[in-house]
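Annotated features in Swiss-Prot:
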SIGNAL    1-21  signal peptide
DISULFID  C50-C279  disulfide bond
BINDING   D98, Y101, H268  substrate binding site
CARBOHYD  N100  N-linked glycosylation site
DISULFID  C112-C115  disulfide bond
ACT_SITE  S154  active site, nucleophile
ACT_SITE  D215  active site, charge relay system
DISULFID  C248-C255  disulfide bond
ACT_SITE  H268  active site, charge relay system
Amino acid sequence: MKQFSAKYALILLATAGQALAASTQGISEDLYNRLVEMATISQAAYADLCNIPSTIIKGEKIYNAQTDINGWILRDDTSKEIITVFRGTGSDTNLQLDTNYTLTPFDTLPQCNDCEVHGGYYIGWISVQDQVESLVKQQASQYPDYALTVTGHSLGASMAALTAAQLSATYDNVRLYTFGEPRSGNQAFASYMNDAFQVSSPETTQYFRVTHSNDGIPNLPPAEQGYAHGGVEYWSVDPYSAQNTFVCTGDEVQCCEAQGGQGVNDAHTTYFGMTSGACTW
């Protein structure tokens, strides 16, 4: 894993201090540990869920051969939650989905008025929708007092966002954690997500959109093509810590997106010191 230099870290922190008038620096250790836990699961999804927390029980796999969408249903009896995690880009087939920027009506969620979502990720979603809904229903029926958590990194983050949106129409206890999420839909979709996941305040939000340093993927697809982000952004700046995590609730270009990153870079593949699929944590 490549390490950021101390000089670069200071530059990022200085930039943050100048640009984030509508944001706050520092989160609680409990929330930080929660974000790290979800990042661990999301990064482990690239390597068949290696080194996930010991409290988590690995359940059924989600898979479609045509789209190469991979995911799992997990359960944590300690935290009382059912976790759906999606792997990020892992093949040329996934890359074809990544680069399909055509905004597409979110037809599987008609109550999301005027919502359009990333065309490639919508293809991915409908390829596994029946599996996901069936497996979640099975687990939720067996464990009715458990929360439903959805997470993922990169492509997996957008898959998580579409999944969480769909599940929120049926269940009222859905939480979403994404890492390096591309813009997943238009402003109507972002607004729907913000309403459904109580994003009006960091105290109420159930949509935690985590970014890192100058990760270039959250800048894609371009806003100029009709895309927008939802959620409360939690921007992690190196050296990563609870204190170096910014809560960004204003304009989405204040934090990660303002750093000028483009595409897949070191900041995208590594979150909280964990590199996608490396399993060295």
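Backbone N, Cα and C atoms are what each Cβ position is placed from, and that goes for glycine too.
Just so it is clear, the model here is predicted, and its values are computed rather than measured.
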Message: Which recorded positions are spatial neighbours of H268 (substrate binding site) here, meaning Cα within 10 Å, out of C50, N100, C112, S154, D215, C255?
response: S154, D215
Task: Among C50, D98, S154, C279, these being the recorded positions, pick the one whose CA is nearest to that of D215 (active site, charge relay system).
output: S154
- line: Within 10 A of the CB of D215 (active site, charge relay system), the number of other CB atoms across every chain shown is 29
Message: Measuring Cα to Cα across D98, Y101, H268, which the record gives as the substrate binders, how far apart are the two most distant ones in Å?
response: 19
Task: Going by DSSP, give the three-state secondary structure for C112 (disulfide bond).
output: coil
- prompt: What is the nearest of the recorded positions C112, C115, S154, C255 to N100 (N-linked glycosylation site), using the Cα of each?
  reply: S154
- request: Indicate whether C50 (disulfide bond) is helix, strand or coil by DSSP.
  value: coil
Message: For the disulfide-bonded residues listed here (C50, C112, C115, C248, C279), tell me which residue's CB has the most neighbouring CB atoms inside 10 Å.
response: C248
Statement: Cα nearest D98 (substrate binding site) among recorded positions (C50, C112, S154) -> S154
- prompt: Of all the recorded positions given, N100, S154, which has the fewest Cβ neighbours within 10 Å once its own Cβ is left out?
  reply: N100
